[in-house]
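Trainee: Take a look at what Swiss-Prot says about it:
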ACT_SITE  Glu138  active site, nucleophile
ACT_SITE  Glu143  active site, proton donor
BINDING   Glu143, Lys221, Trp225, Thr234  chitin binding site
COMPBIAS  356-378  compositional bias 'Acidic residues'
DISULFID  Cys43-Cys51  disulfide bond
DOMAIN    19-270  domain 'GH16'
CARBOHYD  Asn34  N-linked glycosylation site
CARBOHYD  Asn161  N-linked glycosylation site
CARBOHYD  Asn407  N-linked glycosylation site
CARBOHYD  Asn416  N-linked glycosylation site
CARBOHYD  Asn425  N-linked glycosylation site
LIPID     Gly479  GPI-anchor amidated glycine
Amino acid sequence: MYKQILTFLILFLRYILSEFPDDPYEDDDTSDDNNSDYEGQKCNPYRDKACLVNDEALGKKIFESFAEGTKYFTITSSTRGVRFGSEGLALTIQDEFDNPALVSSFYIMYGKVEAEIKGAAGKGIISSFYLQSDDLDEIDVVEIFGSDPYEFQTNFFIKGNTTTYDRGRYHEMHPSPLSEFHKYGIEWSPDLITWYLDDKPVRMLGRRNKHGLPCSPMFLKFSLWSVEDDDEGTIAWAGGAASFSEGPFTMHIKNLKVQDYSKALTYSYGNLRDGNWLDLRADGGYLYEGHKYCLPPKMLDKLKPTPKQETDDDQVLTSSKSQRVATTISEDKNTVSYYPPSATNSHTTWDRLSEWETEQDETGTDDTENSDNEEEESITAIPISKSRKGSTRRLDISTQLPPLSQNESKIAEIKNITTTKHIHNTTTSLQISKIKSKKVGVTTTIYSSSTPQSTSKSRMPYNIFFNYPGKENSRFKSGVSSILATSFSSVVIAEILVIVVLLL
(Lines of atoms letter the chains of each structure in order from A; the text may use other names.)
(Lines give C-alpha, C1' and ligand atoms only; values in the text may rest on other atoms or scores of the structure.)
Protein backbone atom coordinates (compact mmCIF):
# COMPACT_ATOMS: atom_id res chain seq x y z
CA MET A 1 0.00 0.00 0.00
CA TYR A 2 2.69 2.48 1.03
CA LYS A 3 4.82 1.47 -1.94
CA GLN A 4 1.98 2.25 -4.36
CA ILE A 5 1.39 5.64 -2.74
CA LEU A 6 5.10 6.47 -2.93
CA THR A 7 5.23 5.47 -6.61
CA PHE A 8 2.22 7.66 -7.33
CA LEU A 9 3.82 10.64 -5.57
CA ILE A 10 7.07 10.23 -7.53
CA LEU A 11 5.21 10.10 -10.84
CA PHE A 12 3.19 13.14 -9.84
CA LEU A 13 6.37 15.02 -8.95
CA ARG A 14 7.90 14.21 -12.36
CA TYR A 15 4.77 15.46 -14.08
CA ILE A 16 4.88 18.74 -12.15
CA LEU A 17 8.54 19.32 -13.01
CA SER A 18 7.93 18.59 -16.71
CA GLU A 19 5.36 21.37 -16.85
CA PHE A 20 7.94 24.02 -15.91
CA PRO A 21 9.97 25.38 -18.85
CA ASP A 22 13.70 25.90 -18.46
CA ASP A 23 13.12 29.64 -18.76
CA PRO A 24 9.59 31.02 -18.21
CA TYR A 25 10.56 34.13 -20.16
CA GLU A 26 11.83 32.27 -23.18
CA ASP A 27 9.79 32.67 -26.37
CA ASP A 28 8.28 29.67 -28.11
CA ASP A 29 10.59 30.13 -31.08
CA THR A 30 14.08 30.59 -29.67
CA SER A 31 15.82 29.64 -32.89
CA ASP A 32 14.74 32.73 -34.75
CA ASP A 33 17.43 35.35 -34.36
CA ASN A 34 16.32 37.38 -37.34
CA ASN A 35 13.98 39.74 -35.54
CA SER A 36 15.41 42.15 -33.00
CA ASP A 37 13.94 44.95 -30.94
CA TYR A 38 17.47 46.21 -30.39
CA GLU A 39 16.80 49.70 -31.72
CA GLY A 40 13.29 49.65 -30.30
CA GLN A 41 14.80 50.12 -26.85
CA LYS A 42 15.87 53.63 -27.76
CA CYS A 43 13.52 56.39 -26.72
CA ASN A 44 12.95 59.48 -28.86
CA PRO A 45 13.12 62.78 -26.92
CA TYR A 46 10.96 64.46 -29.56
CA ARG A 47 8.25 61.86 -29.18
CA ASP A 48 8.42 60.75 -25.54
CA LYS A 49 8.05 63.43 -22.86
CA ALA A 50 9.71 61.08 -20.36
CA CYS A 51 12.81 60.58 -22.51
CA LEU A 52 16.19 62.00 -21.52
CA VAL A 53 19.09 60.36 -23.38
CA ASN A 54 22.70 60.08 -22.32
CA ASP A 55 24.61 58.66 -25.30
CA GLU A 56 28.14 57.29 -25.14
CA ALA A 57 30.45 59.65 -27.07
CA LEU A 58 33.30 58.47 -29.26
CA GLY A 59 35.30 61.69 -28.79
CA LYS A 60 38.28 60.48 -30.84
CA LYS A 61 39.41 58.76 -34.05
CA ILE A 62 39.13 55.02 -34.55
CA PHE A 63 39.93 52.45 -37.23
CA GLU A 64 38.51 48.95 -37.68
CA SER A 65 39.41 46.47 -40.40
CA PHE A 66 36.76 43.93 -39.26
CA ALA A 67 39.23 41.14 -40.14
CA GLU A 68 39.17 39.58 -36.67
CA GLY A 69 35.94 40.88 -35.21
CA THR A 70 34.87 44.26 -33.89
CA LYS A 71 35.50 46.30 -30.78
CA TYR A 72 32.94 49.05 -31.34
CA PHE A 73 29.89 47.34 -32.91
CA THR A 74 27.16 44.97 -31.77
CA ILE A 75 25.23 42.51 -33.94
CA THR A 76 21.57 43.47 -33.72
CA SER A 77 19.86 40.85 -35.89
CA SER A 78 20.47 37.71 -37.98
CA THR A 79 23.61 36.61 -36.16
CA ARG A 80 24.06 33.67 -38.52
CA GLY A 81 24.48 36.14 -41.40
CA VAL A 82 27.43 38.01 -39.85
CA ARG A 83 31.01 36.84 -40.41
CA PHE A 84 34.49 38.35 -40.05
CA GLY A 85 37.42 37.39 -42.28
CA SER A 86 40.16 38.44 -44.67
CA GLU A 87 37.74 40.65 -46.63
CA GLY A 88 36.49 42.26 -43.44
CA LEU A 89 32.87 42.10 -42.34
CA ALA A 90 30.47 39.99 -44.41
CA LEU A 91 26.69 40.36 -44.07
CA THR A 92 24.71 37.58 -45.77
CA ILE A 93 21.02 37.07 -46.56
CA GLN A 94 20.02 33.42 -47.01
CA ASP A 95 16.23 33.69 -46.90
CA GLU A 96 13.49 36.29 -46.78
CA PHE A 97 13.59 36.63 -42.99
CA ASP A 98 17.26 37.59 -42.79
CA ASN A 99 18.37 41.16 -42.09
CA PRO A 100 21.97 41.07 -40.81
CA ALA A 101 22.92 44.36 -39.14
CA LEU A 102 25.47 45.92 -36.79
CA VAL A 103 25.19 49.12 -34.75
CA SER A 104 28.01 51.09 -33.13
CA SER A 105 28.31 51.32 -29.36
CA PHE A 106 29.22 55.01 -29.67
CA TYR A 107 27.75 58.25 -31.02
CA ILE A 108 29.48 61.10 -32.83
CA MET A 109 28.56 64.79 -32.91
CA TYR A 110 29.93 66.03 -36.26
CA GLY A 111 32.89 64.33 -37.84
CA LYS A 112 34.18 62.09 -40.62
CA VAL A 113 33.07 58.57 -41.48
CA GLU A 114 34.44 56.32 -44.22
CA ALA A 115 34.33 52.62 -45.11
CA GLU A 116 35.24 50.42 -48.04
CA ILE A 117 32.16 48.52 -49.19
CA LYS A 118 31.29 45.98 -51.88
CA GLY A 119 27.54 45.74 -52.31
CA ALA A 120 25.50 42.54 -52.52
CA ALA A 121 24.30 41.68 -56.03
CA GLY A 122 20.69 40.57 -56.33
CA LYS A 123 17.33 42.01 -57.31
CA GLY A 124 15.55 43.57 -54.33
CA ILE A 125 18.67 43.46 -52.12
CA ILE A 126 19.88 46.73 -50.53
CA SER A 127 23.31 47.26 -48.96
CA SER A 128 23.21 50.26 -46.62
CA PHE A 129 25.53 52.28 -44.40
CA TYR A 130 24.08 55.21 -42.46
CA LEU A 131 24.15 57.38 -39.34
CA GLN A 132 21.05 57.94 -37.19
CA SER A 133 20.19 59.79 -33.99
CA ASP A 134 17.73 58.89 -31.23
CA ASP A 135 15.39 61.63 -32.48
CA LEU A 136 15.60 60.36 -36.09
CA ASP A 137 18.10 62.67 -37.70
CA GLU A 138 19.76 60.54 -40.37
CA ILE A 139 22.55 60.64 -42.95
CA ASP A 140 22.59 57.80 -45.49
CA VAL A 141 26.25 57.44 -46.45
CA VAL A 142 25.35 54.96 -49.19
CA GLU A 143 22.57 52.65 -50.31
CA ILE A 144 23.60 50.20 -53.03
CA PHE A 145 20.96 48.54 -55.21
CA GLY A 146 21.64 44.86 -55.88
CA SER A 147 19.84 45.11 -59.22
CA ASP A 148 21.76 48.18 -60.45
CA PRO A 149 25.48 47.65 -61.11
CA TYR A 150 26.26 51.30 -61.85
CA GLU A 151 24.38 53.43 -59.34
CA PHE A 152 24.14 54.22 -55.62
CA GLN A 153 22.04 56.60 -53.52
CA THR A 154 22.78 59.21 -50.85
CA ASN A 155 20.08 60.65 -48.60
CA PHE A 156 19.29 62.42 -45.31
CA PHE A 157 16.36 62.98 -42.94
CA ILE A 158 15.63 65.53 -40.21
CA LYS A 159 13.65 64.47 -37.12
CA GLY A 160 11.92 61.71 -39.08
CA ASN A 161 10.36 64.19 -41.51
CA THR A 162 9.93 62.42 -44.86
CA THR A 163 6.90 64.24 -46.24
CA THR A 164 8.74 65.09 -49.47
CA TYR A 165 10.67 62.91 -51.88
CA ASP A 166 13.41 65.35 -52.81
CA ARG A 167 16.22 64.40 -50.43
CA GLY A 168 17.70 61.40 -52.22
CA ARG A 169 20.36 61.74 -54.91
CA TYR A 170 21.44 59.00 -57.30
CA HIS A 171 25.04 58.77 -58.46
CA GLU A 172 26.30 56.76 -61.42
CA MET A 173 29.69 55.15 -61.06
CA HIS A 174 32.16 52.91 -62.86
CA PRO A 175 33.29 50.28 -62.13
CA SER A 176 30.32 48.66 -60.47
CA PRO A 177 29.70 48.98 -56.71
CA LEU A 178 28.75 45.29 -56.79
CA SER A 179 31.95 43.90 -58.29
CA GLU A 180 34.67 45.56 -56.20
CA PHE A 181 35.30 47.66 -53.11
CA HIS A 182 34.77 51.44 -53.18
CA LYS A 183 35.26 54.03 -50.45
CA TYR A 184 32.07 55.73 -49.30
CA GLY A 185 32.25 58.51 -46.75
CA ILE A 186 30.76 61.68 -45.36
CA GLU A 187 32.01 64.73 -43.51
CA TRP A 188 29.40 66.31 -41.25
CA SER A 189 29.83 69.81 -39.85
CA PRO A 190 27.32 72.36 -38.46
CA ASP A 191 26.98 74.07 -41.86
CA LEU A 192 27.74 71.41 -44.46
CA ILE A 193 27.52 67.70 -45.23
CA THR A 194 29.79 66.37 -47.96
CA TRP A 195 29.46 62.87 -49.43
CA TYR A 196 32.55 61.19 -50.91
CA LEU A 197 33.15 58.39 -53.38
CA ASP A 198 36.73 57.11 -53.52
CA ASP A 199 38.03 60.27 -51.78
CA LYS A 200 36.26 62.61 -54.22
CA PRO A 201 33.23 64.75 -53.22
CA VAL A 202 30.06 63.79 -55.08
CA ARG A 203 27.47 65.82 -53.16
CA MET A 204 27.43 68.86 -50.86
CA LEU A 205 24.47 69.82 -48.67
CA GLY A 206 24.51 73.24 -47.00
CA ARG A 207 22.53 74.50 -44.03
CA ARG A 208 20.42 76.78 -46.21
CA ASN A 209 18.63 73.83 -47.81
CA LYS A 210 14.93 73.82 -46.95
CA HIS A 211 15.16 70.76 -44.69
CA GLY A 212 18.10 71.83 -42.52
CA LEU A 213 20.94 69.66 -41.23
CA PRO A 214 21.14 67.02 -38.48
CA CYS A 215 21.81 68.54 -35.05
CA SER A 216 21.81 65.50 -32.72
CA PRO A 217 24.46 62.84 -31.93
CA MET A 218 24.31 59.84 -34.24
CA PHE A 219 25.38 56.20 -34.14
CA LEU A 220 26.58 54.17 -37.15
CA LYS A 221 24.83 51.21 -38.71
CA PHE A 222 25.60 48.65 -41.43
CA SER A 223 22.61 46.71 -42.74
CA LEU A 224 21.75 44.30 -45.54
CA TRP A 225 18.04 43.92 -46.22
CA SER A 226 15.52 42.79 -48.82
CA VAL A 227 12.29 44.46 -49.89
CA GLU A 228 8.96 42.97 -48.87
CA ASP A 229 6.80 41.30 -51.50
CA ASP A 230 3.70 43.35 -50.64
CA ASP A 231 5.39 46.77 -50.79
CA GLU A 232 4.98 47.87 -54.41
CA GLY A 233 6.59 51.27 -53.94
CA THR A 234 9.73 49.86 -52.34
CA ILE A 235 9.90 47.06 -54.92
CA ALA A 236 9.91 49.61 -57.73
CA TRP A 237 12.55 51.69 -55.91
CA ALA A 238 14.76 48.63 -55.34
CA GLY A 239 14.46 47.35 -58.92
CA GLY A 240 12.22 44.38 -58.19
CA ALA A 241 11.40 41.85 -55.50
CA ALA A 242 14.11 39.55 -54.20
CA SER A 243 14.39 35.99 -55.50
CA PHE A 244 15.94 34.05 -52.62
CA SER A 245 16.52 30.96 -54.77
CA GLU A 246 19.31 32.98 -56.41
CA GLY A 247 21.04 33.61 -53.06
CA PRO A 248 22.85 33.81 -50.80
CA PHE A 249 23.54 37.55 -51.10
CA THR A 250 26.59 39.01 -49.36
CA MET A 251 27.72 42.56 -48.59
CA HIS A 252 31.38 43.17 -47.62
CA ILE A 253 32.71 46.00 -45.40
CA LYS A 254 36.29 46.75 -44.37
CA ASN A 255 38.65 49.51 -43.24
CA LEU A 256 36.20 51.71 -41.33
CA LYS A 257 37.49 55.10 -40.18
CA VAL A 258 35.53 57.35 -37.82
CA GLN A 259 36.41 60.70 -36.27
CA ASP A 260 34.23 62.50 -33.74
CA TYR A 261 34.75 66.28 -34.01
CA SER A 262 33.30 66.89 -30.54
CA LYS A 263 35.14 65.80 -27.41
CA ALA A 264 33.10 64.31 -24.57
CA LEU A 265 32.33 61.26 -22.50
CA THR A 266 28.59 61.37 -23.17
CA TYR A 267 26.07 63.48 -25.07
CA SER A 268 22.89 64.37 -23.16
CA TYR A 269 19.62 66.00 -24.25
CA GLY A 270 15.89 65.55 -23.88
CA ASN A 271 13.05 66.08 -21.43
CA LEU A 272 13.69 66.81 -17.76
CA ARG A 273 11.39 65.63 -14.99
CA ASP A 274 10.00 69.13 -14.45
CA GLY A 275 8.85 69.32 -18.09
CA ASN A 276 11.72 71.49 -19.28
CA TRP A 277 13.79 70.73 -22.36
CA LEU A 278 17.52 70.13 -21.97
CA ASP A 279 19.52 71.23 -25.00
CA LEU A 280 22.38 69.02 -26.14
CA ARG A 281 25.43 69.16 -23.90
CA ALA A 282 28.78 67.39 -24.00
CA ASP A 283 29.39 65.88 -20.57
CA GLY A 284 33.08 65.97 -19.72
CA GLY A 285 34.06 67.92 -22.82
CA TYR A 286 32.78 70.35 -25.43
CA LEU A 287 30.71 70.48 -28.60
CA TYR A 288 32.31 71.16 -31.96
CA GLU A 289 32.79 74.78 -32.99
CA GLY A 290 29.73 76.32 -34.61
CA HIS A 291 27.21 73.80 -33.27
CA LYS A 292 23.58 74.78 -33.95
CA TYR A 293 21.21 73.62 -31.23
CA CYS A 294 18.08 71.71 -32.24
CA LEU A 295 14.78 73.45 -31.65
CA PRO A 296 12.77 72.13 -28.68
CA PRO A 297 9.78 69.95 -29.60
CA LYS A 298 7.26 72.64 -28.63
CA MET A 299 8.71 74.97 -31.29
CA LEU A 300 8.22 72.57 -34.21
CA ASP A 301 4.52 73.26 -34.73
CA LYS A 302 5.08 77.03 -34.56
CA LEU A 303 7.46 77.19 -37.51
CA LYS A 304 6.25 78.94 -40.65
CA PRO A 305 7.80 78.72 -44.12
CA THR A 306 9.93 81.71 -45.02
CA PRO A 307 11.39 82.93 -48.32
CA LYS A 308 14.82 81.83 -47.10
CA GLN A 309 13.50 78.30 -46.92
CA GLU A 310 13.30 78.14 -50.71
CA THR A 311 17.08 78.44 -51.12
CA ASP A 312 18.55 75.46 -52.95
CA ASP A 313 21.70 74.55 -51.05
CA ASP A 314 22.05 70.95 -52.19
CA GLN A 315 24.49 70.32 -55.02
CA VAL A 316 25.50 67.13 -56.78
CA LEU A 317 29.02 67.29 -58.17
CA THR A 318 29.77 65.77 -61.56
CA SER A 319 32.89 63.72 -62.24
CA SER A 320 34.50 61.64 -64.96
CA LYS A 321 32.97 58.55 -63.38
CA SER A 322 29.47 59.95 -63.00
CA GLN A 323 28.02 61.93 -65.87
CA ARG A 324 24.36 61.76 -64.86
CA VAL A 325 23.23 64.11 -62.11
CA ALA A 326 20.57 62.93 -59.69
CA THR A 327 17.12 64.42 -59.25
CA THR A 328 16.86 67.76 -57.42
CA ILE A 329 13.94 69.81 -56.15
CA SER A 330 13.57 72.28 -59.00
CA GLU A 331 11.53 71.88 -62.17
CA ASP A 332 13.71 74.35 -64.02
CA LYS A 333 15.78 72.64 -66.73
CA ASN A 334 18.42 75.32 -66.73
CA THR A 335 21.75 75.03 -64.99
CA VAL A 336 22.96 76.84 -61.92
CA SER A 337 26.51 77.84 -61.08
CA TYR A 338 28.18 76.40 -58.04
CA TYR A 339 31.26 77.88 -56.40
CA PRO A 340 33.31 75.27 -54.50
CA PRO A 341 33.93 76.28 -50.88
CA SER A 342 37.21 77.94 -50.03
CA ALA A 343 38.05 75.46 -47.29
CA THR A 344 39.26 72.91 -49.80
CA ASN A 345 41.83 71.52 -47.42
CA SER A 346 39.00 69.93 -45.45
CA HIS A 347 38.01 67.84 -48.47
CA THR A 348 41.34 66.14 -49.09
CA THR A 349 41.81 62.41 -48.87
CA TRP A 350 41.92 60.70 -45.52
CA ASP A 351 45.16 60.70 -43.56
CA ARG A 352 47.21 57.54 -43.34
CA LEU A 353 46.39 55.43 -40.33
CA SER A 354 49.57 56.45 -38.51
CA GLU A 355 48.53 60.07 -38.83
CA TRP A 356 44.96 59.22 -37.90
CA GLU A 357 46.04 57.79 -34.58
CA THR A 358 47.72 61.01 -33.48
CA GLU A 359 46.00 63.66 -31.39
CA GLN A 360 46.35 66.33 -34.06
CA ASP A 361 43.30 68.57 -34.16
CA GLU A 362 41.36 68.64 -37.40
CA THR A 363 38.66 71.26 -37.68
CA GLY A 364 36.95 69.93 -40.78
CA THR A 365 35.04 73.20 -41.10
CA ASP A 366 33.51 74.34 -44.37
CA ASP A 367 33.35 78.02 -45.18
CA THR A 368 30.23 78.52 -47.27
CA GLU A 369 30.67 82.27 -47.66
CA ASN A 370 32.18 83.59 -50.89
CA SER A 371 35.67 85.04 -50.61
CA ASP A 372 38.16 86.73 -52.91
CA ASN A 373 39.89 83.42 -53.44
CA GLU A 374 36.63 81.82 -54.52
CA GLU A 375 36.23 84.30 -57.35
CA GLU A 376 39.40 82.94 -58.89
CA GLU A 377 38.22 79.33 -58.71
CA SER A 378 36.49 77.64 -61.61
CA ILE A 379 32.71 77.40 -61.64
CA THR A 380 31.09 73.99 -61.80
CA ALA A 381 27.80 73.93 -63.73
CA ILE A 382 25.21 71.76 -62.03
CA PRO A 383 22.27 70.69 -64.25
CA ILE A 384 18.90 70.56 -62.51
CA SER A 385 16.39 67.94 -63.52
CA LYS A 386 12.67 67.59 -62.93
CA SER A 387 11.42 66.90 -59.43
CA ARG A 388 9.65 63.74 -58.42
CA LYS A 389 5.89 63.63 -58.49
CA GLY A 390 4.20 63.94 -55.16
CA SER A 391 6.79 66.32 -53.76
CA THR A 392 5.25 68.77 -51.32
CA ARG A 393 6.62 71.63 -49.32
CA ARG A 394 7.06 71.09 -45.61
CA LEU A 395 8.07 73.43 -42.84
CA ASP A 396 11.75 73.12 -41.96
CA ILE A 397 12.63 71.67 -38.59
CA SER A 398 16.09 72.91 -37.79
CA THR A 399 16.61 76.22 -39.58
CA GLN A 400 13.42 78.29 -39.45
CA LEU A 401 14.03 80.01 -36.12
CA PRO A 402 17.29 80.74 -34.34
CA PRO A 403 17.93 78.58 -31.26
CA LEU A 404 16.50 80.22 -28.17
CA SER A 405 19.73 79.84 -26.26
CA GLN A 406 22.38 79.25 -28.88
CA ASN A 407 25.93 79.74 -27.67
CA GLU A 408 27.64 82.20 -30.02
CA SER A 409 31.15 81.45 -28.81
CA LYS A 410 33.67 79.60 -30.95
CA ILE A 411 33.50 76.47 -28.80
CA ALA A 412 30.48 75.60 -26.70
CA GLU A 413 32.24 74.63 -23.47
CA ILE A 414 29.86 72.48 -21.48
CA LYS A 415 32.11 71.16 -18.70
CA ASN A 416 30.67 73.37 -15.97
CA ILE A 417 27.27 74.06 -17.51
CA THR A 418 24.43 74.78 -15.10
CA THR A 419 21.18 72.94 -15.37
CA THR A 420 19.26 75.99 -16.59
CA LYS A 421 21.76 77.38 -19.09
CA HIS A 422 20.38 75.56 -22.13
CA ILE A 423 16.87 74.64 -21.05
CA HIS A 424 13.57 75.52 -22.70
CA ASN A 425 10.21 75.01 -21.06
CA THR A 426 8.07 72.56 -22.97
CA THR A 427 4.71 70.97 -22.31
CA THR A 428 4.11 69.12 -25.56
CA SER A 429 5.82 66.32 -27.41
CA LEU A 430 5.90 65.43 -31.08
CA GLN A 431 4.61 62.11 -32.34
CA ILE A 432 6.87 61.28 -35.26
CA SER A 433 6.26 58.64 -37.91
CA LYS A 434 9.35 57.17 -39.51
CA ILE A 435 8.58 57.14 -43.23
CA LYS A 436 11.37 55.94 -45.47
CA SER A 437 11.48 57.86 -48.75
CA LYS A 438 11.92 55.68 -51.79
CA LYS A 439 12.34 56.18 -55.52
CA VAL A 440 8.68 55.36 -56.12
CA GLY A 441 6.21 55.44 -53.24
CA VAL A 442 6.91 55.27 -49.55
CA THR A 443 6.98 52.68 -46.80
CA THR A 444 5.63 53.81 -43.45
CA THR A 445 6.38 52.43 -40.01
CA ILE A 446 4.69 54.04 -37.01
CA TYR A 447 6.76 54.00 -33.85
CA SER A 448 4.68 53.34 -30.74
CA SER A 449 5.07 55.73 -27.83
CA SER A 450 4.95 52.94 -25.26
CA THR A 451 8.14 51.48 -23.86
CA PRO A 452 8.87 48.20 -25.68
CA GLN A 453 9.82 45.00 -23.93
CA SER A 454 13.02 43.29 -24.99
CA THR A 455 13.83 39.63 -25.37
CA SER A 456 17.19 40.35 -26.97
CA LYS A 457 20.27 39.32 -24.99
CA SER A 458 22.57 41.57 -27.03
CA ARG A 459 24.50 44.35 -25.32
CA MET A 460 22.82 47.64 -26.10
CA PRO A 461 24.90 50.19 -28.05
CA TYR A 462 23.80 53.14 -26.01
CA ASN A 463 24.47 54.20 -22.49
CA ILE A 464 21.53 55.27 -20.33
CA PHE A 465 17.83 55.96 -20.83
CA PHE A 466 15.83 57.56 -18.05
CA ASN A 467 12.28 56.52 -17.21
CA TYR A 468 10.45 58.48 -14.57
CA PRO A 469 7.94 57.32 -11.92
CA GLY A 470 4.65 56.34 -13.46
CA LYS A 471 6.36 54.79 -16.48
CA GLU A 472 7.12 51.13 -17.01
CA ASN A 473 10.77 50.80 -15.98
CA SER A 474 11.30 47.14 -16.90
CA ARG A 475 13.36 47.20 -20.09
CA PHE A 476 14.64 43.65 -20.21
CA LYS A 477 13.26 40.29 -19.21
CA SER A 478 15.70 38.55 -16.93
CA GLY A 479 17.53 35.55 -18.32
CA VAL A 480 17.55 33.96 -14.84
CA SER A 481 14.28 33.08 -13.16
CA SER A 482 13.46 32.39 -9.51
CA ILE A 483 9.95 31.15 -10.31
CA LEU A 484 11.11 27.63 -11.07
CA ALA A 485 13.19 27.37 -7.91
CA THR A 486 10.37 28.66 -5.71
CA SER A 487 7.72 26.40 -7.25
CA PHE A 488 9.99 23.36 -7.13
CA SER A 489 10.75 23.93 -3.45
CA SER A 490 7.06 24.23 -2.61
CA VAL A 491 6.22 20.97 -4.39
CA VAL A 492 9.07 19.08 -2.73
CA ILE A 493 8.09 20.31 0.75
CA ALA A 494 4.46 19.37 0.17
CA GLU A 495 5.42 15.89 -1.02
CA ILE A 496 7.69 15.32 1.99
CA LEU A 497 4.90 16.31 4.37
CA VAL A 498 2.48 13.90 2.66
CA ILE A 499 4.98 11.04 2.89
CA VAL A 500 5.71 11.76 6.57
CA VAL A 501 1.99 11.77 7.39
CA LEU A 502 1.44 8.49 5.57
CA LEU A 503 4.36 6.83 7.32
CA LEU A 504 3.25 7.88 10.81
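Here the Cβ of each residue, glycine as well, is placed from N, Cα and C on the backbone.
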Trainee: Can you tell me which of the recorded positions Glu143, Lys221, Thr234 is spatially closest to Cys51 (disulfide bond)? Compare CA atoms only.
Mentor: Lys221
Trainee: Give me the Cα-Cα distance between Trp225 (chitin binding site) and Glu138 (active site, nucleophile), rounded to a whole Å.
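Mentor: Trp225 (chitin binding site) and Glu138 (active site, nucleophile) have their Cα atoms 18 Å apart.
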Trainee: Could you say whether, by DSSP, Trp225 (chitin binding site) belongs to a helix, a strand or a coil region?
Mentor: strand
Trainee: Could you tally the C-beta atoms, other than its own, that fall within 10 angstroms of the C-beta of Lys221 (chitin binding site)?
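Mentor: Other Cβ atoms found within 10 Å: 20.
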Trainee: Among the recorded positions listed here (Glu138, Glu143, Lys221, Thr234), which has the Cα closest to the Cα of Asn161 (N-linked glycosylation site)?
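Mentor: Considering only the listed recorded positions, the nearest one is Glu138.
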Trainee: Roughly how many Å separate the Cα of Cys43 (disulfide bond) from that of Glu143 (active site, proton donor), to the nearest whole number?
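Mentor: Given the Cα positions, Cys43 (disulfide bond) is 26 Å from Glu143 (active site, proton donor).
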Trainee: Rounded to an integer, what is the Cα-Cα distance in Å between Thr234 (chitin binding site) and Glu138 (active site, nucleophile)?
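Mentor: Thr234 (chitin binding site) to Glu138 (active site, nucleophile), Cα-Cα distance: 19 Å.
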Trainee: How long is the line from the C-alpha of Lys221 (chitin binding site) to the C-alpha of Glu138 (active site, nucleophile), rounded to the nearest angstrom?
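Mentor: Each residue's Cα considered, Lys221 (chitin binding site) and Glu138 (active site, nucleophile) end up 11 Å apart.
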Trainee: List every residue in the same chain as Glu138 (active site, nucleophile), at least 6 positions away in sequence, whose Cβ is under 8 Å from its Cβ.
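Mentor: Same-chain residues close to Glu138 (active site, nucleophile) (Cβ under 8 Å, separated by 6 or more) are Tyr130, Leu131, Gln132, Asn155, Phe156, Phe157, Pro214, Met218.
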Trainee: Sorted by position, what residues of the same chain at least six away from the residue listed as 'active site, proton donor' have a C-beta under 8 A from it?
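Mentor: Sequence-distant Cβ neighbours: Ile126, Ser127, Ser128, Tyr130, Phe152, Gln153, Thr154, Asn155.
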Trainee: How many angstrom lie between the most widely spaced Cα atoms of the chitin binders Glu143, Lys221, Trp225, Thr234?
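Mentor: Output for chitin binders Glu143, Lys221, Trp225, Thr234: max Cα distance 20 Å.
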Trainee: Secondary structure at Thr234 (chitin binding site) (DSSP, helix/strand/coil)?
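Mentor: DSSP assigns Thr234 (chitin binding site) to helix.
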Trainee: For the domain 'GH16' (19-270), provide the mean pLDDT of the predicted model.
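Mentor: On average, pLDDT over the domain 'GH16' (19-270) sits at 88.
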Trainee: Looking only at DSSP and grouping its letters into three states, which state does Cys43 (disulfide bond) belong to?
Mentor: coil
